[in-house]
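A.B. asks: Structure incoming, see below.
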Amino acid sequence: MNWYNMESLVHWKNIKKQHCEAIVGAQCGHAVLRGAHVYVPGIVSASKFMKAGDLISVYSDIKGKCKKGAKEFDGTKVFLGNGISELSRKEIFSGLPELKGIGIRMTEPVYLSPSFDNVLPSYLFLQNLPSAVVTHVLNPQPGEKILDLCAAPGGKTTHIAALMRDQGEVIALDKIPNKVEKIKQNALLLGLNSIKAFCFDGTKALQLDMVKDAEGKPPFLPESFDRVLLDAPCSGMGQRPNMACSWTLKEVTSYQPLQRKLFTVAVELLRPGGVLVYSTCTITLAENEEQVAWALRTFPYLQLQPQEPQIGGEGMMGAGLAFEQLKQLQRFDPSVVPLRDTDIDSLRDARVEDMIWLANKDCIGFFIAKFIKCKST
């Protein structure tokens, strides 16, 4: 992924912008930056003379101001690259039932991220590096009972099952029905039989009345799991590329209490000696190191553990954690990678070790903490 990131820093300067333009929504724009083509539902506007086969410059309407079907747009837009139109403007905005499929096939994207669409779909599940690392940190073993508390769309769930050689039981929870279906589809596609996915609110996953649980369905009795992964809902500020920020202060601050509710449930469901891994795809101190400090104060029987593999940097100061504790955390921070002023030619003779370091650092912002539960609650 990372070589493409570095190449893109010089590649975009050589792309000639075309008179014929198409405007896409912000979410579609994010997908294009991550290697996707432009699908018809994402096209908001197109030049009045656009025909199938034309070379098109594609822009993202990051503020959502462009009107559907407009013939031109002079508002704030970000250049995404050039592509070949698969359809004419008339076909895209004809008023017929909404078309699907590729509308513009990207040929010169500004960000050279390769597409893995339909590449060994029953064998591969594409993930960002930290998402793969977090499952290795959890280190699930064959025969264990594992809980993925906030599991959709199932990348980490399926990775857990694969690392267990599909031996044991992996329980995946998410409270949004269509996301749970996605987990089931991914498990089926990859031929993993150890996964059981349920549409259930993770904050209510603890069975408090101590009656026998109903055939392995949530809620669960205390201390039911050998390992728990809490890849918590978060503000998502580590996601990249990201062209626009629409978060409000209220939204950002709403995640910490939710994460603590889920963490409390995770601790109760973990057996003594079990492992709990907490992760987010955001960069804020409040959702990361502050949560670790809170957890260690609130649950004195939890101990912070070193992580393997240790690829990211150490934790951030400011939450009252000791230096040795910060070294046990893992924080992926793309801002530390000196790529913006890097000349590609200077990298061609770089040491392999340096290229690996760049590759490991250049990813989404992500945070991982690993705990062990020392005794019963």
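The backbone N, Cα and C atoms fix where each Cβ goes, and this holds for glycine too.
These numbers come from a predicted model, not from an experiment.
Relevant sequence annotations retrieved from TrEMBL are reproduced here:
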- 49-374: domain 'SAM-dependent MTase RsmB/NOP-type' (DOMAIN)
- C150, A151, A152, P153, G154, G155, K156, D174, D201, D231: S-adenosyl-L-methionine binding site (BINDING)
- C281: active site, nucleophile (ACT_SITE)
A.B. asks: Mean pLDDT, the domain 'SAM-dependent MTase RsmB/NOP-type' (49-374)?
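C.D. replies: A mean pLDDT of 89 is what the predicted model shows over the domain 'SAM-dependent MTase RsmB/NOP-type' (49-374).
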A.B. asks: Just going by other Cβ atoms within 10 Å, which of the recorded positions C150, A152, D201, C281 has the emptiest spot?
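C.D. replies: Ranked by other Cβ atoms within 10 Å, the recorded positions C150, A152, D201, C281 bottom out at D201.
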A.B. asks: May I ask which residues of the same chain, at least 6 positions away in sequence, place their Cβ under 8 angstroms from the Cβ of G154 (S-adenosyl-L-methionine binding site)?
C.D. replies: A172, K182, I183, N186, A187, I195, A197
A.B. asks: Whole-number Å only: compute the distance from the Cα of A152 (S-adenosyl-L-methionine binding site) to the Cα of C281 (active site, nucleophile).
C.D. replies: 14
A.B. asks: To the nearest whole angstrom, state the Cα distance for the pair C281 (active site, nucleophile) and C150 (S-adenosyl-L-methionine binding site).
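C.D. replies: Here the two Cα atoms are 13 Å apart.
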A.B. asks: Would you mind checking how many other C-beta atoms are within 10 angstroms of the C-beta on K156 (S-adenosyl-L-methionine binding site)?
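C.D. replies: Within a 10 Å radius of the Cβ of K156 (S-adenosyl-L-methionine binding site) lie 25 other Cβ atoms.
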A.B. asks: Return the maximum Cα to Cα distance in Å (whole number) over the record's S-adenosyl-L-methionine-binding residues: C150, A151, A152, P153, G154, G155, K156, D174, D201, D231.
C.D. replies: 19
